[in-house]
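Engineer: Before anything else, here's the structure in question.
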Amino acid sequence: MAMASAKPEPAQKAMEGGEQEAAADEMEKKLHKYSRGKAANLGALRDKKLRGQLAAREKLYGHSAKAAALADTWLLPTGLGYLEPEDDLEKTYRYKQESVVKEVDLLSSRKPFDMILPLLGPYTLGYTGNGRYMVVGGRKGHIAMMDMLNLELIKEFQVRETVRDVAFLHNEQLYAVAQKKYPYIYNRHGTEIHCLKEHGKSLKLQFLEKHFLLASINSFGQLHYQDVSTGEMVANYRTGLGRTDVMRVNPYNAVISLGHAGGKVTMWKPTSVKPLVTMLCHSGPVTAVAFDRGGHLMATSGVDRKIKIWDLRKYEVINSFAARAQSLDFSQKGLLACSNGSQVEIFRDAGSQDYKIYMQHRMVKGYQIGKVLFRPYEDILGIGHSMGLSSILVPGSGEPNFDTFVDNPIETSKQRREKEVQSLLNKLQPETIMLNPNMIATVRPSRKKEKKTKKEIEEEMEDAVEAAKNAEFKKKTKGRSKASKRAKKREEEVLKAKRPFLEQYKENEGRPDKKQRVGEEIKLPKALQRFAKSRQ
């Protein structure tokens, strides 16, 4: 009992006081973040009613800022963790993976790996939307699916033919593989479900999640869209710009972008035969295209050794730097990864889209990196190269706080089924794919001008004539202001005012240029048929 009633020691009191001060400082920062600026100077106001209204409004602003700060504390418990230099001389890109792994927690230190498979490469890879599952495909026919949360192999098999690309469909239950002749769809147990012969020899695959459309580009430059929920082939277009294996979907508006050998990037939707936008991005062939999470930034690279960042709202280059890249990818928090030979470089936005190098990672000499892809909701970058697969830590790349209604990395089978049903019910039609999706549910303004009636034209003409008659003319000397000359000038002004209205008359009446001949085309009444001239 004596111990329970003992007073806390001074050191413990000081520790508790320090924690409270830190919490108060953090809350004050969040209040400043959500406040609406400085309060109005109410003491200078003489109107008591206005002063009372503004005081009540300022009180409401304070309550709303406090509620937003509390919601920020509850709903966003995890912050970002970038690599930060201690001074200006220290550079973050000099840190190696071994140094980063030593400083992170135990669970994160298990996520980087190197899987050496020299006989079946080079490898490509793909992640599910929630980042839990990964499918990999080796060029020589090796396909495997893994649970990255538990680091378990679910299924691997050999198709014994060339594999060019892999892509998950709406969840981990189905994935598409672009093989030697046709794309195939497999389930998570490795069973072949469909053979999509209409696509032909596909080089790249992309899945439009909200529309349930599988898009592919084949070796003849044909772009195919197929609805995987009904099996219907939605569209099949020839690009007309030759063979290409550079394809990426914009997550903002689901528009497919293709990079071509002439340096052009074209944007397509399934309801348009011609590209929506054609951009000349490079002076040589385009090697990679990537979009950020918001969809307003596009990164392109070409054989001219340039990486360009484009603002798709203005279609202008906002940043360009000299570097080669065979593959590009944006993370959820805006980091840009690019691969060149056996080296991976990650760039970070230093402000105003000024991308500076953030991290570097060099593979073993001789490894040729084919694809880099950030894992959603994790600070992980997946690398597919000629000798297998690798995974490296990139602090600050993934979204730390996920919304379970959008993507849930730890979802159960029941939650997955419910989400699948909801996504099918909310499936969007191909017509909703457009450059600006905000145009949906808005009223289109009428383009054609409504023709005025004859009465309205006459009234406007009368007003114009009256104004021309009442116009005052400047008096001139030496006989140039005679009454006859002034009357003649007034008549000219009246005719000038009438001319546009007479032209409107002609447009409304649709005056024919030539008289129509009475012939077989016009059927006359019986009483007048005997007067019609016969053609000789």
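Even glycines carry a Cβ here, placed using N, Cα and C.
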Engineer: Name the residue range among 1-31, 280-310, 311-341 that TrEMBL annotates as region 'Disordered'.
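Structural biologist: When 1-31, 280-310, 311-341 are checked in TrEMBL, region 'Disordered' belongs to 1-31.
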Engineer: Just give the helix, strand and coil counts over the repeat 'WD' (279-320), going by DSSP.
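Structural biologist: The counts are 0 helix, 25 strand, 17 coil.
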Engineer: On the DSSP side of things, how many residues of the domain 'DAD' (455-488) fall into helix, strand and coil, could you say?
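Structural biologist: Looking at the domain 'DAD' (455-488) with DSSP, the answer is 21 helix, 0 strand, 13 coil.
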Engineer: Across the whole of the domain 'DAD' (455-488), what does the mean pLDDT come to? Round it, please.
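Structural biologist: Here the predicted model's pLDDT, averaged over the domain 'DAD' (455-488), is 76.
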